[in-house]
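Residues annotated as domain 'Mucolipin extracytosolic' in TrEMBL: 2-187. What TrEMBL records for 201-223, 255-275, 287-307, 327-349, 395-416 is transmembrane segment. What TrEMBL records for 288-423 is domain 'Polycystin cation channel PKD1/PKD2'.
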Amino acid sequence: MVVAFKEENTVAFKHLFLKDYTDGADDSYAVYTQRDLYEHVFYALEKYLAIPNETIGRYAYVRGAAGNGSALLLCQHYFRKGRIDPANDTFNIDPHIVTDCLGVDPEDPQPLPPTLDSTYKNFTLKFHKLINVTIQFQLKAINIQTIINNEIPDCYTFTITITFDNKAHSGQVRIRLENHADIKECKDPSVFGRGDNSFRLFFDIVVILVCSLSFILCARSIIRGLVLQHEFSRFFWRRYSRSVSLSDRMEFLNGWYILLVISDVLTVLGTVMKIGIESKNFAGYDVCSILLGTSTLLVWVGVIRYLTFFQKYNILIVTLRVALPNVIRFCCCVAVIYLGYCFCGWIVLGPYHVKFRSLSMVSECLFSLINGDDMFVTFAEMQQHSHLVWLFSQVYLYTFISLFIYMVLSLFIALITGSYETIKHQCEGDTPVSQLHAYIAQCQDSPKSGKFRRDSSSSCSVFCCCER
């Protein structure tokens, strides 16, 4: 509800303060004449002053929120000195940026006209050196829909910034509205007939206690495993003058316990944040959701552990464990080539293709191409203003698709398949015995024989059973 409330208010603000705004027009919403720019600026100011009479939602002004003590701040940013003469191919620019601001308060009885008059004659846009125009103000609102879930409503402070961007000086002034929400506890909340959340609080405390106990037990097992690993390594070196391999050392470290420890820590932190949010002492919804969501994922992954006790269901875990080292080495090599294509596409195709405008967009586009998505669209959206760049784009896309789909993916699948075949042959034939298992196999005594390690000065093995 928190995210939905902010997004719905953002859409409402765009329709309220942006003239002739339509949904989905954020990328193309712009003005092209001086008159249109003035009209859009004054339209936003008029709607701001008319909020109590026009808006469906209940909003309140935040007086004195602007930098000069006003409720709304209208600013223009421009170069200190700017003279451009395209006819003579000359210009004179001082890159130092100057900011002129005008404060507006809702108490103003004079409404803002759509054209410049004596009231706002001091606010004149310097188009020949204008960088951008910004309108910034704050509004307060209360999210009462949380009452449905038996929760105390939150109080919101929306910081709204409308930017008229002219930094490109291309004749197009792009317009965008940004909304940042601050959430805090309301003063003296009163909800008639509000239910009791004691059971939910009790359940959260139980979750914290259970996860804390699980963390202590798993951490103790991990520490004991590390101690035993250290003792075995020292004993093996003294007895056989050989070091223990890494795979044998990892036998003492249970990865499932590490997974549970991480999950328990995330669950405890997320639950504590959840209690703070419900008591209105904390407003980090995003952090709380990430912690609880990640811990839930790890818990469900940990369920696979119980399937490993059955040989028929253990094939996935065993295959991943065998294939993982080779897959990591393979991915490191592939990542170098992939990054090369990303930087190349960003540098060359960025000005001509919307999917290559930023490095993150290039990576997303190339990754979708590997999976066979939007291939034709990627080719079709390439602008053909430059034949050289268009020819380069064809070579670039065809080589990338051919290399990664026909070679990289095939080799990646071959690594997994090879590991699966190796596990399959090991199940059918003799399984290689590691140093650790070979040493343990020397002890033939059963656990009921009564022969076990004691605290004594005996020179017998600390692992193998001793005869009395």
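Cβ atoms are placed via backbone N, Cα and C, with glycine included.
Bear in mind that TrEMBL entries carry predicted annotations, made automatically and left uncurated.
Confidence over the domain 'Polycystin cation channel PKD1/PKD2' (288-423), given as mean pLDDT on the 0 to 100 scale, stands at 88. For the transmembrane segment (201-223), the list of distant contacts is 253-254, 257-258, 260-261, 263-265, 267-268, 271-272, 274-275, 278: same-chain residues at least six beyond its ends, Cβ to Cβ under 8 Å.
Secondary structure of the domain 'Polycystin cation channel PKD1/PKD2' (288-423), assigned with DSSP and counted as helix (H, G, I), strand (E, B) and coil, comes to 115 helix, 0 strand, 21 coil.
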